[in-house]
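Chemist: Quick one: structure below, then a few questions.
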Amino acid sequence: MEPMSVKEDLRLFQSTLLQDGLKELLKENKFVDCILKVGDRSLPCHRLIMAACSPYFRELYFTEDGTEKKDANKEVVLENVDPNIMDMIVNYLYSADIDITDDNVQDVFAVANKFQIPSVFTVCVNYLQNKLSLGNCLAIFRMGLVLNCPRLAVSARDFIAEHFETLSKDEEFLEFNAPEFFAIIGCDALNVEKEELVFELLMKWVRKNKENRAKALGDAFEHIRFRLLPEKYLKEKVEKDDIIKADPELIKKLKVIKDAFAGKLPQIKEGEKEGEGENELPGFLNDSQRLGMFNRDLILMINDTAAVAYDANENECFLAAMAEQIPRNHVSITSKKNLLYVAGGLFVDEENKDSPLQCYFYQMDPHSPNWIALPPMPSPRCLFAMGEFENLLFAVAGKDLQSNESLDSVLCYDVDKMKWLETKKLPLRIHGHSVISQNGLVYCIGGKTDENKTINKMFAYNHKKSEWKELAAMKTPRSMFGATVHKGKIVVVGGVNEDGLLSSCEAYDFGTNKWEVFAEFAQERSSVNVLSVDGVLYAVAGFTIKENEDKQCVPSEITDIWQYEEDKKQWSGMIGEMRYASGASCVSMRLNVAKMPKL
């Protein structure tokens, strides 16, 4: 055993022994030399324990020079305290056990703060930090400030900053006083993509109590980053605001801001020390971007090692999350709410003798680089595809992992209820198809039947009517192809059919219900990932046929990235080899590059 481990065991043993002994002495009423009078209750305890755990009680029993007060009363009267709460705290000091709940945490916190009992105070802080939610974070932020607990206030502020766009719509936000409000809107960590939202919330807050709050606008200006606003917005919305126009001091500040837009910053006063950095300019000229302004539309590649985000504009890669638990050959989907779900894959649980084949289901945590395990799919399958409608995710058809037969069943996952159900079956059994979600419908395109016949059919599912409707068929039957919605049309790329690999592409017009020829891909390829990112169409990785060392033609994985050039109507190669694309599914997702390590 390591020396440190031995020391830790000895310390823990001694602490437990001491705690149990003190608890026994209290229970047997031995050496009791203090009575806490709380309301109609009398709580026996030991001075030694109370003084050791609380500076408040230490002052009752000792003078400033540390001499024990001989005349200190045995009975200590505690005013305006709930006796049940104080009893809980005293028991905690002897047992290290306390039942903190949503109902009592505020009262326990207040009493621990009043009598300076840091151990109980810390327990409450930990509890509240773990309980932070959209419903309570504003109140917890205020509590942290009122009780002078920076750790809690900062945790709550950071939570508010992360969910700023949602919480800014809450009327409670407008009840903050000026220092509370400014502490939030001045935060670098605000998850806001446009400074306009911060300014508009400020003016809404002012107008809530115009008579008193208009006077605080001068200070409030220090927390708005006007240089991050579009110049047109500054002229039309800020300068023309009636409250701002009526204040001469604000007009002067706007003049300085307009000069800054023109490239003229105020001169640094003589005598100021060099290197003061951000203190050189007034706050309203701060042009540091908020955290949310680092959000970008990225190509996210998920394989059984990691989820890596690629910024095609900057040619940079970022680690979104490690992904050792994600099986190969899974299916991924990004919802309209920008949430990533990963389902299926080839995984055999050898310890589960009854059901060794598993179809796991994960969501990437939007606030941390972790995966959240969700209820697994009830019927293990592969070669299926996923779509969505409102708060529902659909796993359409595929191949049963046990029987190896194609399926027509459609599984439906309710995101709110966290439950899988089965919905209206597809009109035929297929696998290797693609699914697209658009205009409130789920489109199932192409695929292959158990008779090894590739199809060109397309069906649209209306969940409200619980019906599948056949629409215009593709010009070319295909399976194992890429598909996405780009500029209002479905674009399909490559795939395979009875004639072999395909390089042909097609586009579907929702308005006319017609397919048209799209620019041919540069290479015959199957299993290609096709995605539209920030208005640009990309094709990532896939399989083609290559000649090996033995001069045999075999399937070979390609990990390149192609971009479609709209003006030239052709595909152009961007990257010859993207190692993170190997074995990966790819989706378009908006992520914050400031929160991810750069690779």
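Positions of Cβ are set from backbone N, Cα and C atoms, glycine also.
Pulled these features from Swiss-Prot for this protein:
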- 32-102: domain 'BTB' (DOMAIN)
- 137-239: domain 'BACK' (DOMAIN)
- 339-391: repeat 'Kelch 1' (REPEAT)
- 393-440: repeat 'Kelch 2' (REPEAT)
- 441-488: repeat 'Kelch 3' (REPEAT)
- 489-535: repeat 'Kelch 4' (REPEAT)
- 537-591: repeat 'Kelch 5' (REPEAT)
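Let's see these features in context: how buried, what's close, how far.
Modeler: Across the domain 'BTB' (32-102), DSSP classifies residues as 27 helix, 16 strand, 28 coil.
For the repeat 'Kelch 1' (339-391), the predicted model reports an average pLDDT of 84.
Using DSSP to sort the residues of the repeat 'Kelch 3' (441-488) gives these counts of helix, strand and coil: 0 helix, 23 strand, 25 coil.
Across the range of the repeat 'Kelch 5' (537-591), the DSSP-based residue counts are 3 helix, 37 strand, 15 coil.
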Chemist: Helix, strand, coil: count each for the residues of the domain 'BACK' (137-239), based on DSSP.
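Modeler: With helix first, then strand, then coil, the domain 'BACK' (137-239) has 79 helix, 0 strand, 24 coil.
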